[in-house]
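Novice: Handing you this structure, nothing more for now.
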């Protein structure tokens, strides 16, 4: 088994906090998801999460105008300069405090960063500026008396508008400019949310938090401003001269003093605003000034429904002159400027909208809500969703792969069940029938339905094709279900009780309760059916320190009990159905033989799992690790290894027979989560001890900080300061063995095998070389060449050999292959079918290989067949969409050609008719023999023939 798994994608988390960014082409939107960044491709309906991550959650993003550089800043002020070409971090920079906003200039030469009430102008690295040192400070401006909330550049990148929380807006110039002076705009009664320049103009629009919109008209045009040389002012005389350097000071001390003075002079030059005019006489007759045209109150409309509503986000598209404003009530409005006519309104939720953004064309508007983790892209002209995604509003508790690995089902504490496509990484259906947290979920083998258990006392079956809840299973007396399982045939559903220590068995077809299985003396926390079609064995684990093996069909409530020594947290079957793995509260994983009930192996993994120290913990991280345990385990697809995780950021892979740790994965480095550090930082300690245990309260409020009781897993979410804890709730291996999923605090992390340049030969000998492969191809010895390429295991070489084999010789080559190479060839065919344009050629390879070797037992592994089935299903869906699009396009072209032929009847040209026949397959009506018609019957017949082929 290979262990080169690397982070591939992040599902289940759509948006966390911060601003959104559209790519320059307007087809993709970039969203911060915790300490990672996700790019949603709206045109191809796909999403990908960059493999890089930060130590804290991202709060600000800025993309260069050419889309090559991305600046991401986290909540601690740590900035990363990211190349979007290679998706790697080029440079890191640390600001003193958090950053409010960041913005690139339209020409890409500068970017502005707002830190508290100061605006820093940096030269952007690249060909435009000729500067390749990142974060080179160019200018520094003082924004206002309070923090800066918004930055916007003029279209010529010469002026910058700075909106502040003190309700003022400041206009500054990057260089010294004639006919310009630094100008302050006031008139708002609340904090500035956004301010925007008009296109090719200096007119300005400002919006405040209470919904006031002010339109400002500038007295000058951009062409009236001229760059000039910076005037030279006499340096101010110092009131006190510095004392002479004493004789006993060393030369190094003198050099340090000189360097500090030089730095102070440079910083004073950067901070000096040469466009600021202090003389009042000059300001009165200056040609540059702003005039307020009008003021509009945009919050009047939403306040008809909710009185205390506030404006939370705004954005303006200069091309279409359309303004979008979003409010805390979950509604947004579109206005056309400068007349301020409302052209569209929509309410997307009951929660505040955190970010709003237009794409470059102004057709799409992206809206995000931090409270519920929702991100949607709305096309306001056609009034339809381009994308609407929402993750679980609380933590995921369980996940399950479909039998072919195409879908992942997730259940959360928000009582919702979501289905995700592993290829597009989008959620395509959400079931919200449960009324309490979902505790277990599993797909049926035929991929037609899935079942989920919940604390609301129901087990529900959902139809995947029709997207509906077609069965609801309940117990005679109310009971909370903690786990669920489906047998191999998909006819039986079983669930374990949490408050009632029984196991309930239902029939899927009738929905009736078949049997109540009793025997446990504690909550049933895990349950599993045998994965073998001929077996009806059921295994259950409980907190009564026992594992029971049931045969629920042949014998009534007869079982065999295995003593697990400690409380059971999870049980799982091996793919062969001969062994079970049991995770207990002692931190061990024990392997038992299902027939003899004997212990096969024991894995002691408590020290491997590790544990951090929470902020409010009284004990150390080492003491925490002594009480840690695995809460979720899963066998690999080949049954050789076990994937295990628990209340920590680590995921461990163990070898079953050797009982050793093979590899350990750390799912996150996000220190915004609690429990990741082993020690409490010194800056959080004072003379009173840990500052997290000290809470400021009023005099009459009283009380003390509530210290969590032993055994509490999720903490007190009603406390004033609640921080999520890092942990892994569930891990599952893909049936194909190419990936595994881990549901944690950050979301659903997908780890896939690294497809990089790795030399992994099989049965290699001295005579097997790429040169020998090419020589065999020249001699037309295709079987020998294919076997040697499979031994070298290089995908490019295997693809070359496969495509050199003539179409008529494929069947003979497949017949000559030995069974050990047939399985490897099947895996390579599944891999090449993903990207090759020669679909029919590779389908012939697949058909011949399966025909020649499919009737022999043990030749093809289940993982290889599933991988081929997954690729073929994806190709079928892709071709189906293309054929539908081409079918309707041809119909439109034919109708258009008929109309043109009727209009230009009698004025035909022979050469033009020939070209039309070649391009559009259209012929004249007079020529009955060559007439070509497209009918739905012929299309359906041709479609059925293609499916038969």
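Note: Cβ is positioned from N, Cα and C throughout, glycine not excepted.
Note that TrEMBL annotation is computational and uncurated.
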Novice: Between 123-174, 175-226, 227-278, which stretch does TrEMBL give the note region 'Disordered'?
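Specialist: The listed stretch tagged region 'Disordered' in TrEMBL is 227-278.
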Novice: List, by number or range, the same-chain residues at least 6 past the repeat 'WD' (517-551) whose CB is under 8 A from its CB atoms?
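Specialist: Contacts of the repeat 'WD' (517-551) (Cβ under 8 Å, skipping residues fewer than 6 from its ends): 482-489, 492, 494-499, 501-505, 557-573, 575-577, 580, 582, 584, 592, 594, 597.
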Novice: When secondary structure is assigned with DSSP, how many helix, strand and coil residues does the repeat 'WD' (389-430) contain?
Specialist: 0 helix, 23 strand, 19 coil
Novice: Averaged over the repeat 'WD' (389-430), what pLDDT does the prediction give?
Specialist: 92
